[in-house]
Amino acid sequence: MEKMEENKSKQNNVKRPKGGMIAMPFIFSNEVCEKLAVVGFYANMISYLTTQLHMPLTKAANTLTNFGGTASLTPLLGAFVADAYAGRFWTLTVAFIIYQIAMTSLTLSAIIPQLRPPPCTGEQVCQQATSGQLALLYGSLLLGALGSGGIRPCVAAFGADQFDETDPKQPTKTWKYFNWYYFVMGASILAAVTVIVYIQDNIGWGWGLGIPTISMFLSIIAFVLGYPLYRHMDPVGSPFTRLLQVSVAAFRKRNLTMVSDPNLLYQNEELDASISIDGRLVHSKQMAFLDKAAIVTEEDNVKAPNLWRLNSVHRVEELKSLIRMGPIWASGILLITAYAQQGTFSLQQAKTMDRHLTNSFQIPAGSMSVFTMLAMLSSIALYDRFLIRIARRFTGLDRGITFLHRMGIGFLISVLATLVAGFIEVKRKQAAVAHGLEDKPHSIIPMSVFWLVPQYGLHGIAEAFMSIGHLEFFYDQSPESMRSSATALFWTAISVGNYVSTLLVSLVHKYSAKPDGSNWLPDNNLNKGKLELFYWLITSLQVVNLLYYICCAKLYTYKPIQTPTKDAESEEAASKV
């Protein structure tokens with residue numbers, strides 16, 4: 001009886017497993033507030049730059065794409081800190097605070113008149129922002145980019161960490177989480193591009209930027225409150241150091257003859273225990289030159305190896321996995337280049353068109369992305385509820401189709417989006433000419449803004465397929481100890497895509513200029529430009545990119561992994577009792 005009571009007391013003292021669905025309310029509450037804040041800040045930012053700081057259109061567009069590029073490049077730094085030292089929770093917490101400071105400073109610039117140029121009306125020549133006012137803007141954007149560096153690579157991966165893929169008793173899988181994550185994110189973005197943008201355009205930028213700032217503060221509170229319930233993955237040292245060690249070891253042993261049997265390559269389960277909790281990577285035939293890093297020589301101490309000379313197969317395969325992911329990563333760049341135009345030139349198109357829903361109410365131009373969000377949310381819901389079930393009958397896969405197929409569908413739809421955008425721009429300019437408004441850039445063309453819905457909607461459908469597939473791909477195919485770093489690659493593709501957009505806009509603006517002042521992408525009068533040719537240029541580049549992606553997807557080899565199961569572990573533990 002005493003033993004039974006002792007066992008019961010031990011069972012009662014066993015800590016309840018962390019993570020799983022119980023952690024989701026805190027993570028999703030944080031995600032709702034954080035995305036409402038971030039998107040509410042930047043969805044209409046081009047209007048703030050052009051109407052409040054009086055920047056020329058091209059300069060404003062490039063400022064935003066440069067910021068978008070920088071904010072998507074800093075995740076490499078944030079991922080390194082999370083994976084190597086701080087862990088995802090603390091990296092996220094500090095990043096949220098930095099972002100809060102950035103938003104607060106930009107809100108103050110909208111509230112205090114001395115921090116922005118004086119207003120101007122009509123055809124009056126507007127005074128541009130001073131160097132000091134621009135310094136505050138750029139400083140805020142830079143802090144925002146630094147905060148994004150900690151948030152973006154960690155927030156999705158931290159949520160996925162709450163689900164243990166090796167536990168057969170856990171019904172929720174990470175691929176479902178990514179669908180939910182994007183759906184919740186899309187819903188909060190939808191609120192941002194409607195409510196927040198309306199406030200910015202009709203009530204004022206003080207409230208329009210102040211509400212997102214308050215929302216960011218609430219997101220931090222929601223995230224921190226869930227700390228006791230989270231499943232935390234401990235940092236296991238710098239992943240980049242391990243990759244460098246494999247590279248150096250392979251180079252130092254480059255003259256060795258490759259062993260005939262891969263089973264003779266170095267294995268060390270104890271050494272790799274902390275970086276292979278979800279399963280060990282096994283040998284693959286690709287990139288055999290890297291296998292030389294795992295060849296044991298007389299100089300090597302197998303019990304305490306010098307990792308700059310000898311590495312395990314698991315560590316070699318970590319490097320191989322990242323190299324295999326490279327071509328797929330690169331294919332996502334041009335899609336982001338195409339998508340970036342929604343916040344710049346597509347928004348400027350909307351500002352010239354009739355946006356009235358009633359005689360007294362019109363849609364803010366910055367809210368047009370609501371149609372992107374609605375299309376994305378509808379596509380995610382349709383995919384999760386119906387398309388997966390249909391696809392399972394043909395593929396037998398739990399997720400319906402592979403993430404590579406999902407990405408391919410997204411690429412194809414994105415091609416259609418920019419193709420359609422070009423034809424709609426032709427019609428918009430024809431309407432301007434027909435009503436004698438070609439030389440009146442500030443006049444509203446009597447053509448409904450709803451003509452832009454197809455291009456916005458197609459971009460939303462493309463994102464539902466491509467972006468979620470891309471995120472799934474990076475999380476699933478990356479080594480487990482590098483998931484923040486691999487998720488950072490998702491944002492790095494966005495970074496490069498934004499920089500490519502900046503480069504493309506700058507080159508087109510420079511080389512399409514003619515002595516008579518005409519330009520494909522004019523600064524002041526979109527009616528006299530040739531934006532449709534710019535859209536079709538992007539379409540052509542995306543067609544080439546789609547063909548490239550198809551080749552990469554056909555040649556891609558999934559990471560080889562030996563996954564432990566909870567049942568096997570429990571049986572092993574029972575056999576030791």
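Here the Cβ of each residue, glycine as well, is placed from N, Cα and C on the backbone.
Over in TrEMBL, the protein carries these features:
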TRANSMEM  21-43  transmembrane segment
TRANSMEM  63-82  transmembrane segment
TRANSMEM  89-115  transmembrane segment
TRANSMEM  135-159  transmembrane segment
TRANSMEM  180-199  transmembrane segment
TRANSMEM  205-230  transmembrane segment
TRANSMEM  322-341  transmembrane segment
TRANSMEM  361-383  transmembrane segment
TRANSMEM  403-424  transmembrane segment
TRANSMEM  444-468  transmembrane segment
TRANSMEM  489-513  transmembrane segment
TRANSMEM  533-551  transmembrane segment
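Between the transmembrane segment (205-230) and the transmembrane segment (180-199), three or more CB pairs separated by 6 or more residues in sequence fall under 8 Å, so the two stretches touch. Put simply, of 135-159, 180-199, 322-341, the stretch with the most CB pairs closer than 8 A to the transmembrane segment (21-43) is 180-199. Contacts between the transmembrane segment (322-341) and the transmembrane segment (444-468): present, as 3 or more C-beta pairs lie under 8 angstroms, all at sequence separation of six or more.
Take the transmembrane segment (361-383) and the stretches 63-82, 403-424, 444-468: counting Cβ pairs under 8 Å, 444-468 has the most. The transmembrane segment (489-513) makes no contact with the transmembrane segment (89-115): fewer than 3 of their CB pairs lie within 8 A, with pairs spaced 6 or more apart in sequence. Taking every recorded stretch in 89-115, 444-468, 533-551 and counting its Cβ pairs under 8 Å to the transmembrane segment (180-199), the highest total belongs to 444-468. Sequence-distant contacts of the transmembrane segment (135-159) (same chain, at least 6 residues past either end, Cβ-Cβ under 8 Å): 24, 27, 30-31, 34, 38, 41, 53, 63, 67, 70-79, 81-82, 88-89, 91-92, 94-103, 105-106, 109, 115, 129, 177-178, 181, 230, 471, 475, 483-485, 487-488, 490-491.
Beyond the transmembrane segment (63-82), the same-chain residues lying 6 or more positions past its ends with a Cβ under 8 Å from any Cβ of the stretch are 42, 45-46, 49, 55, 88, 91, 95, 141-142, 144-146, 148-154, 235, 238-240, 340, 343-344, 484-488, 491-499, 501-502, 505.
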